[in-house]
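One structure is given below, encoded as structure tokens.
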Amino acid sequence: MTASPESMGQKFRNMTANECFQSRSTVLQGQPFGGIPTVLLLNIILWVCVVLVYSFLRKAAWDYGRLALLIHNDSLTSLIYGEQSEKSSPSEVYLEAERRDKGFSTWFFNSLTMRDRDLINKCGEDARIYIMFQYHLIIFVLILCIPSLGIILPVNYIGSALDWSSHFGRTTIVNVSTESQFLWLHSIFAFMYFLTNFAFMGHHCLGFVPKKNLHFTRTLMITYVPTEIQDPETISKHFHEAYPGCVVTRVHFCYDVRNLIDLDDQRRHAMRGRLYYTAKAKKTGKVMIKVHPCSHLCFCKCWTCFKEVDAEQYYSELEEQLTDEFNAELNRVQLKRLDLIFVTFQDARTVKRIHNDYKYINCGRHPMQSSVTTIVKNNHWRVARAPHPKDIIWKHLSIRRFSWWARFIAINTSLFFLFFFLTTPAIIINTIDMYNVTRPIEKLQSPVVTQFFPSVLLWAFTVIMPLLVYFSAFLEAHWTRSNQNLIIMYKCYIFLVFMVVILPSMGLTSLDVFLRWLFDIYYLEHATIRFQCVFLPDNGAFFINYVITSALFGTGMELMRLGSLCTYCTRLFLSRSEPERVHIRKNLAMDFQFGREYAWMLNVFSVVMAYSITCPIIVPFGLLYLCMKHITDRYNMYYSYAPTKLNAQIHMAAVYQAIFAPLLGLFWMLFFSILRVGSLHSITLFSLSSIIISVIIAFSGVFLGKFRIAQQYEQPEEETETVFDVEPSSTTSTPTSLLYVATVLQEPELNLTPASSPARHTYGTMNSQPEEGEEESGLRGFARELDPAQFQEGLELEGQSH
């Protein structure tokens, strides 16, 4: 005699209560209404406290909350001469923002009332795409609140499977009888959620598909070029003979500039110090400073290492030493040529032809030959369209081939074993439970501790662990910032979804259970129990608490950025002079990491979509998170991070991940149908069909999106001349920051900085003292030449002719 679905469901509920949640777990232990009211109240209180503390720190802590504004206002000109009465655009915009940012809490209201146009003018086109993506998610989740709270939640609550004492459980799908026809509503709405989300993402894509002329380049990046070739004419000759009618306008060789870039940064740092104290000495006389990093810790002047020295002389001598080292390294760079070149052509059609000729070289196809084929060895070349010069990380170009792949594989293998086998948050917390660490907490029997503490701990792990992924991407030494952000985004998202959604949902909450689930053959026979963990009432409450914590306490901590604040305060405390403090402020204003922020946001979005049907009360809290995240990101992009510009791959990857997020909800419904109503039930078959159709639609959308973007790179009908494609004779008018040459090699005129100082009394001139107006003019010109492009790492799209 077979058991009924109802009795089978009751049996599984009894089994999984002990199997999914450890007997003394402080994380997944049931509480009245899941502890949600307590967690919500505590998060509101903490969020208010964090905002108040940050309002004080943002200006009290040496302009910590306004670093993005300081990278424009703290130029050498303002450092030496003070703020000027007349500022050219866009500096006027930043000064206006500073004038509006005078009160204790004006920054908060400015973030709410800030116009999108002001944000886009300062932060660039990528900021517009990012906030538009958030707008689409917010509107989508807002629409989801209507069926989730108006239809699914009442249907769940009027069910009869659970007792009336189970307050939170009655709001979940567990309370719906397996014989009820209302289960059709859950399956239908899960499929409708996917279709609606797909439509919203498609509409969002229409707003940032790259225009033809903006993304087309006439420059090719060629690797595996023999390093013995030193004459650009050899490369030009090959292309001219192999492709008749081809005109090469420029050939750029690449060099190993890792050491040169580091020396240049130190040299410019010393240069700022010398210029600052030279100007200050003219006004107030000789300035004495302590140069030891720990001099602020000791107020005694008797220690030799803490003695004061002449600031102007110190920085002049330091600049002279670093300049000599820089010039010596600059002379050696020519001997460190890489097997990588950038070739710019006059005709866009030629670029397409050459690129297609080398596209299938790995399949045995031979490219066109020339009389110098044996010299250039073009059969070994790998040809690709060149990224924008501002997108290239020049110091990483020297790390390639075996060393790059060995580093990449070693780093990611370590991360995989660390994250997926040992350190998911639920595994760590329950492993701690095994050693009685949390027994004092259990004795308190307070939902404040037993519910709020675990949700904060889960949030902390989901922040700290992706930071390891984030920093590991820098160790991988990617060639472009776009690829670096893309890798960060994919790794963080995949890791977070497994760590936060999939493993805890299936009850894999302790290391021994996880290893048994992976490797024990007999344990796998009872794998059905694992999937039942998805549908326990307390499991949904656990994820609601996580979303609440991320929405309030989490966004508050994103404002605070404790790690950056500690680093900032420490570096300022150990600084030796005002120029160093300006340098610290500028360097700490990092680019806004779109990849990391996308991953964190989409992780919470995936949690909401996974439980939007089985636990519909999570949807309004997901809306709260998206709204708070949007406000926080607007503030951070404008005030705390430097502008950045990437290619469309980052934003398209976010769209793909958002499209696949509702599939989790469909899979959850399929598991529920199989386990509760049977694998051959009509609801189960409908859920399976919905998943198949949704997967086909999702992959079709991805392929169509990639195809559409690929079409934009095809040759445009009407070509527009870009700054890269001008004739060599016009290079004098070409901005040096837009050449395919490392920035450190573009300014040879700055290798030596003629300025009188006590350390160097003469630079070979007859005049002992320059005219005051002449020196002031020179310093102003140098300041303008040195600063404008240094702190804007953004990728500017070429050929912007509107």
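Using N, Cα and C of the backbone, Cβ positions are placed for all residues, glycine too.
In Swiss-Prot this protein carries:
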- SER75: phosphoserine (MOD_RES)
- SER78: phosphoserine (MOD_RES)
- 753-785: region 'Disordered' (REGION)
- 1-35: topological domain 'Extracellular' (TOPO_DOM)
- 61-124: topological domain 'Cytoplasmic' (TOPO_DOM)
- 158-180: topological domain 'Extracellular' (TOPO_DOM)
- 206-401: topological domain 'Cytoplasmic' (TOPO_DOM)
- 432-446: topological domain 'Extracellular' (TOPO_DOM)
- 477-480: topological domain 'Cytoplasmic' (TOPO_DOM)
- 518-540: topological domain 'Extracellular' (TOPO_DOM)
- 574-593: topological domain 'Cytoplasmic' (TOPO_DOM)
- 641-647: topological domain 'Cytoplasmic' (TOPO_DOM)
- 677-681: topological domain 'Extracellular' (TOPO_DOM)
- 703-802: topological domain 'Cytoplasmic' (TOPO_DOM)
- 36-60: transmembrane segment (TRANSMEM)
- 125-157: transmembrane segment (TRANSMEM)
- 181-205: transmembrane segment (TRANSMEM)
- 402-431: transmembrane segment (TRANSMEM)
- 447-476: transmembrane segment (TRANSMEM)
- 481-517: transmembrane segment (TRANSMEM)
- 541-573: transmembrane segment (TRANSMEM)
- 594-612: transmembrane segment (TRANSMEM)
- 616-640: transmembrane segment (TRANSMEM)
- 648-676: transmembrane segment (TRANSMEM)
- 682-702: transmembrane segment (TRANSMEM)
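Packing against the transmembrane segment (616-640) from elsewhere in the chain are residues 65-69, 97, 107-108, 111-112, 114, 118-119, 122-123, 127, 130-131, 134-135, 137-138, 141-142, 144-145, 148-149, 152-153, 156, 171, 540, 543-544, 547-548, 550-552, 555, 558-559, 561, 589, 592, 597, 601, 604-605, 607-608: each is 6 or more residues past its ends and has a CB under 8 Å from a CB in it. Helix, strand and coil content of the topological domain 'Extracellular' (677-681), in residues and according to DSSP, is 0 helix, 0 strand, 5 coil. Within the model, the topological domain 'Cytoplasmic' (206-401) shows a mean pLDDT value of 83, rounded to a whole number. For the transmembrane segment (594-612), the residues of the chain that approach it from at least six positions outside its boundaries are 126, 130, 134, 137, 141, 144, 148, 193, 197, 462-463, 466, 470, 484-490, 492-493, 496-497, 500-501, 505, 540, 543-544, 546-547, 550-551, 618-619, 621-622, 625-626, 629, 633, 644, 646, 650-651, 653-654, 657-658, 661-662, 664-665, 668, judged by C-beta separation under 8 angstroms.
Long-range neighbours of the transmembrane segment (125-157) within the same chain, counting only residues 6 or more positions beyond its ends whose Cβ lies under 8 Å from a Cβ of the stretch, are 116, 119, 170-173, 175-176, 182, 185-186, 189, 192-193, 196-197, 200-201, 203-204, 207-208, 592, 594, 597-598, 601, 605, 608, 612-613, 616-617, 619-620, 622-623, 626-627, 629-630, 633-634, 637, 643-646, 650-651, 654-655, 658, 797.
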